[in-house]
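What Swiss-Prot says about this one:
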- Cys23: active site, proton acceptor (ACT_SITE)
- Cys287, Cys329, Cys336: [4Fe-4S] cluster binding site (BINDING)
Amino acid sequence: MDDYKRILITKILKNEVTEALGCTEVGLIGYAVSLCNISDPFSIEKIELTLNNGSFKNAYAVGVPNTKKYGILPAVVGGLLGDHKNKLLVFNGIKYSQKLEDFIKERLKIRVINSPLYCGVKIKDNSGNTFESLIKDNHLNVVIPKINNKLISEINGSEKEEYKNLELLDFLEYIDEIPEEIIQLVEKTIYTNNNLIKGDFLNFGNDCLSNMVNKTTSACNTRMIGENMPAMSVAKSGNMGIMATLPIIAYDYSNEQNQEKLIKSILLSVLVTIYATYKSSYLSSMCGCVSKGGMGAVIGLCYYKNGKNIKKLDSAARTFTANLPGIICDGGKVGCALKLASGCFAAYSSLFVDISYENGIVGKNFKECVENISEISKIMGDLDSDIVKIMSKKEI
């Protein structure tokens with residue numbers, strides 16, 4: 001592998017594999033609010049929060065760490081109490097205030113737009129000062145932090161387009177000689193996500209597939225109820241990080257318990273998950289944890305079982321594509337664990353069946369499969385507005 005590709009992949013990994021506390025969309029809201037640096041939250045006269053459909057869905061009914069609350073309002077309040085330097089760990093160490101929640105509730109206006117990832121905050125205080133922040137396109141891409149219309153800083157995006165042009169062979173070459181800093185990152189990812197397993201969400205037994213389902217769903221449930229425990233997110237999604245890692249961790253536990261093979265397989269899964277995300281989008285009407293994290297998991301599992309066998313890897317991608325893509329995303333919630341259970345079954349069964357190119361949207365190889373799923377994901381984009389309308393009718 002040439003040096004440029006290796007440097008590019010390493011940079012992407014360091015940007016896209018990060019700790020997140022709670023569902024990444026409530027973390028996104030909290031981070032955006034915290035960027036406004038409000039010294040006295042009780043001075044706020046009004047606060048306007050603008051979210052794209054996907055961010056609204058994922059924050060609507062999910063637990064917010066250190067609040068014992070669910071949804072968008074406590075995420076805003078938590079952001080006012082948090083430190084922007086913590087980014088997606090913004091709720092770390094906050095002391096929640098019910099009094100502040102009651103105060104903000106009367107002053108918060110939420111607007112939902114049809115857009116790629118977008119979280120904008122506008123705050124006006126009782127002295128006439130205005131504070132703004134805008135995060136768009138990815139969860140850490142801060143575009144506008146302003147005080148009284150003065151730009152504080154601006155951060156540009158990454159080499160996403162170049163990464164999208166890489167091939168599966170590039171990822172396989174990269175994991176042959178992994179930089180030490182990335183080995184440490186993968187080890188941290190394994191430890192952090194494994195630590196999320198708390199009891200049983202679904203307990204089907206002790207065979208390999210059951211262990212995959214048990215561990216993956218338990219970790220997902222821990223995140224979705226808002227436990228004060230970080231996950232290592234992949235492509236800015238904690239659940240996608242769980243789907244891309246825990247099925248492989250469980251498979252290794254039930255089979256060889258080979259640390260070197262586990263690290264390579266996890267890393268390959270993560271690289272594929274990021275690739276699939278860049279080919280489509282961070283958020284969409286299609287469940288990314290299953291369609292993107294699941295594709296990562298199946299490629300990682302197939303590598304663990306069969307090594308660098310392109311024929312087998314293409315076969316696994318085809319079989320996975322014939323199964324689960326198309327599952328809708330109706331927001332972050334406890335029910336996400338059930339979707340990840342389906343993802344585990346689809347990934348595992350893809351190791352043993354070869355579905356041919358003639359079936360439905362199945363591509364000839366891994367790359368075509370990812371591109372076809374991405375195309376379906378983009379076509380499904382208009383569904384988000386309808387999903388949000390249905391969710392907004394609820395009183396919770």
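Any Cβ shown, glycine's included, is placed from N, Cα and C.
Rounded to a whole number, the distance between the Cα atoms of Cys23 (active site, proton acceptor) and Cys329 ([4Fe-4S] cluster binding site) is 14 Å.
Neighbours of Cys329 ([4Fe-4S] cluster binding site), defined as other CB atoms within 10 A of its CB across all chains, total 25. Between the recorded positions Cys23, Cys336, the minimum number of other C-beta atoms within 10 Å of a residue's C-beta occurs at Cys336. DSSP assigns Cys336 ([4Fe-4S] cluster binding site) to a helix.
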